[in-house]
Amino acid sequence: MDRKVTVHEDGCPVVSWVPEEGEMMDQKDKDQVKDRGQWTNKMEFVLSVAGEIIGLGNVWRFPYLCYKNGGGAFFIPYFIFFFSCGIPVFFLEVALGQYSSQGSVTAWRKICPLLQGIGMASVVIESYLNIYYIIILAWALFYLFSSFTWELPWTTCTNSWNTEHCVDFLNYSSTRAASYSENFTSPVMEFWERRVLGITSGIHDLGSLRWELALCLLLAWIICYFCIWKGVKSTGKVVYFTATFPYLMLIILLIRGVTLPGAYQGIVFYLKPDLLRLKDPQVWMDAGTQIFFSFAICQGCLTALGSYNKYHNNCYRDSIALCFLNSATSFVAGFVVFSILGFMAQEQGVPISEVAESGPGLAFIAFPKAVTMMPLSQLWSCLFFLMLLFLGLDSQFVCMECLVTASMDMFPQQLRKRGRRELLILAVAIVCYLMGLLLVTEGGMYIFQLFDYYASSGICLLFLSLFEVICIGWVYGADRFYDNVEDMIGYRPWPLVKISWLFLTPGLCLATFFFSLSKYTPLKYNNVYIYPSWGYSIGWLLAFSSMACVPLFIIITLLKTQGSFKKRLQRLITPDPSLPQPGRRSPQDGSSAQNCSTSPVKQELIAWEKETHL
């Protein structure tokens, strides 16, 4: 576009933008382009973000990491990363979305065209998440439907899928004492591996499609589609239920868990501090990666959700509250998990360490085994899998919403028209469903593990976080971004946030990133099955496909821009002049200012000429 400056009679210059040839759009097309929309109120934004960041990892990952890494001592490195990385980067992404009113790709493109690959990388990660995360919902639906029986099907060894090595819970202790068989299995394990997954011997043998899981996956996608098909108008209403219902289930399970025999021993096992574990660098790496996982950082979701805020929304206060809510939920979930694991260990007469699990092993093996030992086991099974379903559901459809938002902001003239959004969501759902069918084959679990271990791994998130804080702190300028934030919320955030962007966060991300690489251990399914070399190659391809976006788009944008290298670099680190500048009111808030002392031209020139840290 060309900039056109006119001067009013009062002497105030006004900037307008004239489309260049090829950018003209007839009036009919203009009228058809719909507005992005905004949240109806703050609560819709808060619940949507809470639904995205508070998910399955809070229940099945954090408690296990806490017990594994020194109990209460784990909170020391956890809160160091919480204040130096979690809150600063979380706030950065939300504020960026609110400031630019754009999805992940176009927001970074406007802030710094040279580093727009950050946004593209987040879209790649979102795409992977949309393919594999919803598989967990299909499993949860399968277990939920299986819970509506007189006897839970994973209680006994008399089912058609059980083998001669199956030993039910009543005979478990005596079998252990007699060493009846070194290869004995439990009915809950056989239900999981033989009835639900039908798992094969390895990734080389995918087997046939598990049609029941395929139907559950289809149902999950249908639910997700109708949760977001009308944009923030529908998403904002759905999260009132999906984001709050898991808390009701969590409270019910907490009350039930702490009243079980053996619960106290389980909670002590969860929280008893072992300060000597802090000497192990692995503890610190686990704390850092857990922060990035649980806060949904570098996935583009926070930027997209923040983009639907009003310009003067206090996103700083919201971000801090949401971060504390997320960590508090993880902490409380630990009481639920370990009170029930303590009960299960006491009932079986084994140490708690033998029943402690993380990930799918906790959700689909340990907990189903625990509920069979309770009175009214069908009720507790239904409640638990309903909680899992809703914990994962809002994370899934909000992630899909953010992917759609990024796409529509990249191509507004084509996609932001009547009926186009619904078709885009339908197309994304169909493509992701068809690709997801590969993960509900008999060998699909091996592929799921590759996605989970590599596609959205801590290495990818740490790498992108490093470039995010470098972009805002050093290229765009931390002081300049603080000016933008002050213009939005009316005051400047705590100085520690800026210090974190400039020094603490990049330092910790870089150190943790290289340590993660040095301590890399190849994926093993159940710590037994070793993938073939081509399987690991696929995993690393998934990881590098997102990280490679940053250097790749740096090279592409430099090659496409004309001029000397210095001029190209200067142009590519210059923010888009259409971004709001301090003193210029946002049109979406219904106010405008024509003040000569802070004219748009003057503000724009200040923004363009202000030196960056680079």
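Heads up, the Cβ atoms here are built off N, Cα and C, so glycines get one too.
Remember, predicted model here, so these are calculated numbers, not experimental data.
Among the features that Swiss-Prot reports, compositional bias 'Polar residues' is placed at 588-600. The annotation N-linked glycosylation site is assigned in Swiss-Prot to ASN171, ASN183. Among the features that Swiss-Prot reports, phosphoserine is placed at SER586, with the record citing a large-scale study or a structure entry. Look at Swiss-Prot and you will find 574-600 tagged as region 'Disordered'. Under the heading topological domain 'Cytoplasmic', Swiss-Prot lists 1-44, 557-614. Residues annotated as topological domain 'Extracellular' in Swiss-Prot: 138-210. The transmembrane segment annotation in Swiss-Prot covers 45-65, 73-92, 117-137, 211-229, 238-255, 291-308, 320-341, 374-393, 423-441, 458-478, 499-518, 538-556 and is backed by sequence analysis.
Counting residues 6+ beyond its ends, the transmembrane segment (499-518) has Cβ neighbours under 8 Å at 81, 83-85, 87-89, 92, 281, 284-285, 288-289, 458-459, 462-463, 465-466, 469-470, 472-474, 478, 481, 613 in the same chain. Here the transmembrane segment (73-92) has Cβ contacts under 8 Å with residues 65-66, 273-275, 277-278, 283-284, 286-288, 290-292, 295, 297-298, 302, 315-316, 319-320, 322-323, 327, 465, 468-469, 472, 481, 493, 496-497, 500-501, 504-505, 508-509 of the same chain, all six or more residues outside its ends.
Long-range Cβ contacts of the transmembrane segment (117-137) within its own chain (Cβ-Cβ under 8 Å, at least 6 residues beyond either end) map to 56, 103-109, 216-217, 220-221, 224, 298-301, 303, 360, 363, 388-389, 392-393, 395-396, 399-400, 402-403, 406, 428, 432, 435-436, 439-440, 444, 448, 451-452, 455-456, 460, 464, 467-468, 471, 542, 545-547, 549-554. Take the transmembrane segment (458-478) and the stretches 45-65, 211-229, 291-308, 374-393, 423-441: counting Cβ pairs under 8 Å, 291-308 has the most. Long-range contacts of the transmembrane segment (374-393) within the same chain, counting only residues at least 6 positions beyond its ends with a Cβ under 8 Å from a Cβ of the stretch, are 54-56, 58-59, 133-134, 136-137, 140-141, 143-144, 147-150, 152, 155, 220, 223-224, 227, 242, 245-246, 249-250, 252-253, 256, 260, 363, 367-368. Remote same-chain residues near the transmembrane segment (538-556) are listed as 114-118, 120-122, 124-125, 128, 450-451, 453-455, 457, 459-460, 463-464, 467, 523, 531 (criterion: CB distance under 8 Å, separation of at least six residues from the stretch ends). Only sequence-distant pairs (6 or more apart) were considered; of these, at least three Cβ pairs between the transmembrane segment (423-441) and the transmembrane segment (211-229) are under 8 A, so the stretches are in contact. Counting same-chain residues at least six beyond the ends of the transmembrane segment (211-229), those with a Cβ under 8 angstroms from any Cβ of the stretch are 134-135, 137-139, 141-142, 145, 196, 235, 238, 242, 393-394, 396-398, 400-401, 404, 421-422, 425-426, 429, 432-433, 436-437, 440. Within the model, the topological domain 'Extracellular' (138-210) carries an average pLDDT of 84.
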